[in-house]
């Protein structure tokens with residue numbers, strides 16, 4: 001398969017360039033970064049693209065890719081419900097094209113979200129702390145937002161988090177994502193980390209994942225690239241590829 005990388009000069013993008021070059025069954029067809037024309041992808045007969053760019057440009061990238069029939073594996077964050085609906089609308093006009101958007105491609109991170117969903121109904125309280133490098137554009141992270149939504153779904157019909165806080169500074173209790181408090185840390189020296197904290201009478205449970213290097217994303221991204229065209233339309237997350245439903 002001929003694979004292009006968008007955001008090829010970024011830290012994650014450069015890692016993906018090396019990963020594609022090292023994969024015996026993939027051919028690196030294009031390296032595209034800010035200022036380079038997207039037409040490079042069509043001129044090089046690129047079949048699938050890995051996008052690790054920026055929330056400000058990812059929608060324009062996807063519109064181009066979908067209408068040119070190029071499959072996309074997207075690690076760029078910042079996808080609101082409205083953006084997802086727009087992508088689905090574009091894909092409806094190109095039913096054979098596939099887009100996979102994942103908040104996290106690290107296998108351990110995906111498993112931690114799955115474990116959190118399983119644990120959620122058994123605890124009274126749940127909160128999330130996500131920790132990233134200070135260059136990250138969005139807060140809370142896509143992984144934390146998705147984790148919170150999964151926890152909220154698993155706790156549907158149960159009592160909300162107990163919390164007697166009556167006065168606080170703005171933001172002190174974190175962002176509220178479907179009733180789950182999410183706290184974002186931006187600190188030099190970090191890459192990507194998340195803790196999910198559960199509590200109930202007499203015990204707590206912490207599920208933590210740490211990406212210590214951006215190569216942690218490579219196995220998940222390459223899995224998605226190899227299988228994206230099997231799933232025309234929109235796929236959210238790599239859970240279906242890991243049989244985690």
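Every residue gets a Cβ built from N, Cα and C, even glycine.
According to Swiss-Prot, the active site, proton donor/acceptor annotation covers 132, on the basis of sequence analysis. Taken from Swiss-Prot, the feature active site, proton donor applies to 136, supported by sequence analysis. According to Swiss-Prot, the NAD(+) binding site annotation covers 7, 8, 9, 10, 11, 12, 75, 76, 77, 102, 103, 104, 105, on the basis of sequence analysis. According to Swiss-Prot, the (S)-2,3,4,5-tetrahydrodipicolinate binding site annotation covers 133, 142, 143, on the basis of sequence analysis.
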Cβ-based neighbourhood (8 Å from the centroid) of the (S)-2,3,4,5-tetrahydrodipicolinate site, residues 133, 142, 143 excluded: 77, 103, 104, 130, 132, 136, 138, 141, 144, 192, 194
From 132, 133, 142, the recorded positions whose CA lies within 10 Å of that of residue 103 (NAD(+) binding site): 142
Among 11, 132, 136, which are recorded positions, the residue with the most C-beta atoms within 10 angstroms of its C-beta: 132
Length of the line joining the Cα atoms of residue 7 (NAD(+) binding site) and the residue listed as 'active site, proton donor', in Å: 14
Distance [Cα-Cα, Å, rounded] between residue 132 (active site, proton donor/acceptor) and residue 143 ((S)-2,3,4,5-tetrahydrodipicolinate binding site): 11
Binding-site residues listed as 77, 143, least Cβ neighbours within 10 Å: 77
Nearest of the binding-site residues (9, 11, 75, 77, 105) to residue 133 ((S)-2,3,4,5-tetrahydrodipicolinate binding site), judged by Cα-Cα distance: 11
Span of 7, 8, 9, 10, 11, 12, 75, 76, 77, 102, 103, 104, 105 around NAD(+) - largest C-alpha separation, Å: 20
Spatial neighbours of residue 143 ((S)-2,3,4,5-tetrahydrodipicolinate binding site), counting only the recorded positions 11, 77, 136 and Cα distances within 10 Å: 77
Other CB atoms, at most 10 A from the CB of residue 105 (NAD(+) binding site): 27
Which same-chain residues, if any, lie at least 6 apart from residue 142 ((S)-2,3,4,5-tetrahydrodipicolinate binding site) yet have Cβ under 8 Å of it: 77, 78, 79, 103, 104
Rounded distance in angstrom between the Cα atoms of residue 105 (NAD(+) binding site) and residue 136 (active site, proton donor): 16
